[in-house]
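S.K.: Copied straight from Swiss-Prot:
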- Tyr12, Arg29, Arg45, Tyr46, Ser53, Tyr124: Fe-coproporphyrin III binding site (BINDING)
- His182, Glu263: Fe(2+) binding site (BINDING)
Amino acid sequence: MTKKVGLLVMAYGTPYKDEDIERYYTDIRHGHKPSEEMIADLRGRYHAIGGLSPLAKITEAQAYGLEKALNDAQDEVEFKAYIGLKHIEPFIEDAVEAMHKDGIEEAISIVLAPHYSSFSVEAYNKRAKDAADKLGGIHIQAINDWYKQPKFIQMWADRINETAKQIPAEELIDTVLIVSAHSLPEKIKQHNDPYPDQLQETADLIFDKVAVPHYALGWQSEGKTGEPWLGPDVQDLTRELYGREKYKHFIYTPVGFVAEHLEVLYDNDYECKVVTDEVGAAYHRPPMPNADPEFLEVLRTVVWDAYTK
């Protein structure tokens, strides 16, 4: 009989419909209800990208696509995917409970974010472990990060090189690659959190494989908390680089994200483009991984390597 293993795929979550926006935002704010102004601002950003974020459907396609890729590649183990979200149902705890009800005793978990941070991935893993410990009978093996997987680096390099082909050859010298991820509060540095170094390493590994001659590291989508966050912000970085180097082309590559959602469709495609338009440079962004076969193969390799090591 084939062994059955739970595949817990964790992600941030997004509102499914307009009525979800307030409770979703309240959850992000640890139970503090947002002001009407804050809700209107978030609703306005969703409106600017054409409605609600496509993230929910993409996360589903990634989770079930990964399940299929794992099961198609071997017949020793049957993986069963469960989606657990941080800020909306099905919550991480709901997914662990569903595994428990299905009689799953062994599971492997992956967060749909390649870099580890005590602030993000560790919080997901802790919630999953706490839920499993409370129910008893489920052992979850957690994957902490997967940014160094060679197929992940190659996937981004290929996408960047394809994007660079749209730029006239003689202007490639005036092109810069902006590699970015979600900013986090600066206080994580006090605890030697590996997150900033992991992003730097990702940028270095990708830059080694691309035809673009310049690159810079930026942060984006910081929270409105009043405390300092990791910088430079990608918009400030764009202005600074243009002012100093007069680059004609900016290729934005938000490698900390794996799907087209608000932070990419608004913070990059709208806000960064506003800045490139302002300075007279061209905006470019390679397609996000979403549930593309190359990305499902990245995830399959990550999970299978972790499971079999």
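Here the Cβ of each residue, glycine as well, is placed from N, Cα and C on the backbone.
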S.K.: Can you tell me the CA-to-CA distance separating Tyr46 (Fe-coproporphyrin III binding site) and Glu263 (Fe(2+) binding site), as a whole number of Å?
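M.R.: The Cα atom of Tyr46 (Fe-coproporphyrin III binding site) is 10 Å away from the Cα atom of Glu263 (Fe(2+) binding site).
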S.K.: If one looks at the chain holding Arg45 (Fe-coproporphyrin III binding site), which residues at least 6 apart in sequence have a CB under 8 angstroms from its CB?
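M.R.: When sequence neighbours closer than 6 are ignored, Arg45 (Fe-coproporphyrin III binding site) has Leu262, Tyr266 within Cβ distance under 8 Å.
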S.K.: When you measure from the Cβ of His182 (Fe(2+) binding site), how many other Cβ atoms are you left with inside 10 Å?
M.R.: 24
S.K.: With every protein chain in view, how many other Cβ atoms are within 10 Å of the Cβ of Arg29 (Fe-coproporphyrin III binding site)?
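M.R.: 15, counting other Cβ atoms within 10 Å of Arg29 (Fe-coproporphyrin III binding site).
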S.K.: Tell me, by DSSP, whether Ser53 (Fe-coproporphyrin III binding site) is helix, strand or coil?
M.R.: coil
S.K.: Can you see whether DSSP assigns Tyr124 (Fe-coproporphyrin III binding site) to helix, strand or coil?
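M.R.: In three-state terms, Tyr124 (Fe-coproporphyrin III binding site) counts as helix.
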S.K.: List nothing but the one residue from Tyr46, Tyr124 whose Cβ has the fewest other Cβ atoms within 10 Å; the candidates are the binding-site residues.
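M.R.: Looking at the binding-site residues Tyr46, Tyr124, the Cβ with the fewest others within 10 Å is that of Tyr46.
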S.K.: Give the sequence-ordered list of residues that share a chain with Tyr12 (Fe-coproporphyrin III binding site), lie 6 or more positions from it, and have CB atoms under 8 Å from its CB.
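M.R.: Non-local contacts for Tyr12 (Fe-coproporphyrin III binding site): Leu55, Leu85, Lys86, His87, Leu112.
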S.K.: Just checking a number: largest C-alpha distance across Tyr12, Arg29, Arg45, Tyr46, Ser53, Tyr124 for the Fe-coproporphyrin III site, rounded to a whole Å.
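M.R.: With Tyr12, Arg29, Arg45, Tyr46, Ser53, Tyr124 as the binding residues for Fe-coproporphyrin III, the largest Cα distance is 26 Å.
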S.K.: Helix, strand or coil for His182 (Fe(2+) binding site)? Use DSSP.
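M.R.: His182 (Fe(2+) binding site) sits in a strand per DSSP.
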